[in-house]
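Database features, via TrEMBL:
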BINDING   173, 199, 210, 296, 418, 423  substrate binding site
ACT_SITE  210  active site, nucleophile
């Protein structure tokens, strides 16, 4: 199930309204929409009933790029994946387990991650360093390798059919819905596709928090160019979401480009480079919004748009600070137009700002102008906060810097979920 994040329910930025003229968003698109990709998932026994082992495969080795968590405690599978990508800049398969994170598991955890990679690559017949290993779930427990290895032996038979929805389900933890998107666009006369899938609900905060993102494309692009584009776009999308301010140990975004669309190699000098980047950003932003909307216990997607500051980076920092404020999040959950909490968060963002130039609006209702409170219709402001997609606008009218961030409200349900996570 994909919520109405990219179409209908949530209004996209003007940038993407323009970009949609050049790209087609596919209603039933998935991570296997690009040519040559297949995926699947199964229940191997880590979880009680739900799917917990998934795989993604490309017919040919694909150029690969990755962006990883900034948490100092990095999970064993993440370390193994970084080694795989660094060796040749290529991937052909990704194996993912959910339910256990294989983090803080010492030497045995590393051995298990390497074994998981080895067993997977032998099963599907690819080079060992052409595989990424990914785990997500409870920290501190060793993986039940006998269950995982048993599941891996079933993958070759399962690969005869393509089941992207099973892959989407197999990577979930506390998520309440699967997250996917795919687009098609034209590069020098060739139709290319970009697909994506993600998981993430809790422990989400800027700088690659508890989330996994897998992006595929059949475009022809070198891994260094792909990495540069992914890194820049991640900073503007995945790193601009926050649910609860916690940064995890396992999380990453991986991109694979297998070149089967047959276009001329994409570089920054290519006439269609911006078209490809727009498509990649659309996919990443859509997945980011879906993750934010699925924050644990969330009832609303919250977007903060900042304009009129010194730089785009300053704008993103202000937006992320506001979206991460628990007082702002609880006010939005309670549908209370408490603009003072927004102003306070802006003030401690660390950016150099002139308070006398500040404008704040809750949806269509302006509540602060030139740093001073306005008399506004509280009922109209409350109606804005009753929406499933709440937008806060902040403007300092002092520069060209602009940026967005996405998050969610903070509810009683969030506490209930996380108070009993281990049980």
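From the backbone N, Cα and C atoms, a Cβ is placed for every residue, glycine too.
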Work through the binding-site residues one by one (173, 418) and point out the residue whose CB has the fewest other CB atoms within 10 angstroms.
418
Around the Cβ of residue 199 (substrate binding site), the count of other Cβ atoms that are within 10 Å:
29
Would you count the other CB atoms within 10 A of the CB of residue 296 (substrate binding site), including those on all shown protein chains?
26
Need the DSSP three-state call for residue 418 (substrate binding site) to compare against my parser.
helix
Under a three-state DSSP reduction, the secondary structure at residue 296 (substrate binding site) is coil
